[in-house]
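Worksheet: one structure, shown below.
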């Protein structure tokens, strides 16, 4: 739905050459906006021939002049969205795909409009209603809903006074067996007709609305003037008929909503329980639509054509994606089971651990949405503080609670799990996140380009951070004393070969002189230098060299597109949600660490594998989804930056914070990693920089990154558990 740009005026040769130059420049920059998401178009100023030397007009497509490259301008619908989009291209800021403001209705596509429309729109020609989704409705809900209506109708006929409602339930039984292509209308019955019809037989009378014979079900009772809610039939209906039907529709509504694609069925049930079943039976008309018939009289309450719509994954409630809404009750269930059933009477520890881990996903989404909303409505300083403070709160909450529990129990296994999770996040964000985005984006786009200059800044910081984080480990390998738990002489010769097990470098020799005099000062030095390097990177990319992104964001000012920003979450509301989500995140992390012990002790899987997969990547699922959405919009630069920024924050912010935490609260966490973590991290960073060297990629290169990641997971899976676990 992007309006075409007007053709530039001028001679026939100038515009043609300028357009060719623009296409070449677009291929170089390739910083494209999220056109489908923004609802606006990408503006690129026309380059006149005078600005480009003759080399720009050569037939060879690879020869493009430097002066042809112009800054790309991405347009947003309002200033808040423009600010949010600008923050996406800032290093250290959370990249967020979803809108933080309500999109104008006229800018939405027809597919999205259908998602948010009420089921009261009549189409001229809806086509066949026999579809797989409608048959699925019949098998899941239709048959037993229809049977329930028949039973309620029989019960209402038995009461005699509820006979009109019995006839209504009989009609609704036929409707809910197959509601597609049918319409439920609310009709008006004139009061004069009600009074006259109260004492007449009514044969042959006509309706003032539809001009035909009044249906038998419409004929009012003699006490109609007493009011609808005072009739005995209404009392019988509200006491006997309505409660079971409302309960059934409530169950259908919840089940269909959780399945997402069946949300039209949820709307159908909710509207039936809230409106249709509360209307007088003489005001409800059920009709079957024909191909050429469109009812013109009466309010349309329900008109459904399809039970399944696969595009409902885009559906949002107050700016929150439907999946995040559906997972929110899981957080409440997790907290109730975790703190009420402390003795595992209702569920086991593995179940509670799984629930706590799954609850982290929606909470991560809410934290990300709150950070993006606050940053988009605030100045740069506030946005930077919020991103720096809460950007890594999900991971740090789990790490700190695990270290505290390990310190209280004297179990070093928790510290090893934290190191595995840190390494897993680093490796996953360097290999898996960009690789998966390349593969999925490459399915739609044959070749994707990205800003290699901005990616180079993240790569340089990754090299620096990996070298700094693993410097104490390399130092301990060089100067530490190798100690083995058990050795056997293979050749039965005192000078022969020995086979040793459980070997490690002892840093506590001579009362820990090596560790306290050399390794620990090195750890503190590195923990100070890494955040300083991170701040320098922020200053470089956001202040002195912000032009490397070659991007400019502005809000739309097109004719007919002047819209004021209607934010989903105000700053105060976003702040409250951010604090509540952080509090719930701390509770879920506490439950996860509380119930992980049986899994670590009884599981046959290596603790390394549990740390680098489940504990590392589950909190990052919202970021992975954002990266995939950016890749599908041919904006691979942001997909790569998502993974790089998380990896850089792990090394330059999270690890120094954990080291600082151990100063005030002594734990078993030391910045000395196993050889497997060192080799996996360094190899991943080197491979990532090699792939990103030329500034373009395809699905094959993404497949290479993903396959290498799975190979490393296989290594961790078959690796023995770390010492102390």
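Just so it is clear, glycine is given a Cβ too, placed from its N, Cα and C backbone atoms.
Copied over from TrEMBL, here are the features:
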type	residues	note
DOMAIN	132-182	domain 'Inner membrane component'
DOMAIN	351-470	domain 'Sodium/calcium exchanger membrane region'
DOMAIN	574-716	domain 'Sodium/calcium exchanger membrane region'
TRANSMEM	135-158	transmembrane segment
TRANSMEM	246-266	transmembrane segment
TRANSMEM	320-339	transmembrane segment
TRANSMEM	351-368	transmembrane segment
TRANSMEM	380-401	transmembrane segment
TRANSMEM	421-443	transmembrane segment
TRANSMEM	455-475	transmembrane segment
TRANSMEM	522-542	transmembrane segment
TRANSMEM	574-593	transmembrane segment
TRANSMEM	605-625	transmembrane segment
TRANSMEM	671-692	transmembrane segment
TRANSMEM	699-719	transmembrane segment
The transmembrane segment (320-339) versus listed stretches 351-368, 380-401, 574-593, 671-692, 699-719: most Cβ pairs under 8 Å: 351-368
Leading stretch by Cβ pairs under 8 Å, where the reference is the transmembrane segment (522-542) and the options are 605-625, 671-692, 699-719: 671-692
Tally of DSSP helical, extended and coil residues in the domain 'Sodium/calcium exchanger membrane region' (351-470): 104 helix, 2 strand, 14 coil
Helix, strand and coil residues within the domain 'Inner membrane component' (132-182) as assigned by DSSP: 42 helix, 2 strand, 7 coil
DSSP residue counts for the domain 'Sodium/calcium exchanger membrane region' (574-716), split into helix, strand and coil: 117 helix, 2 strand, 24 coil
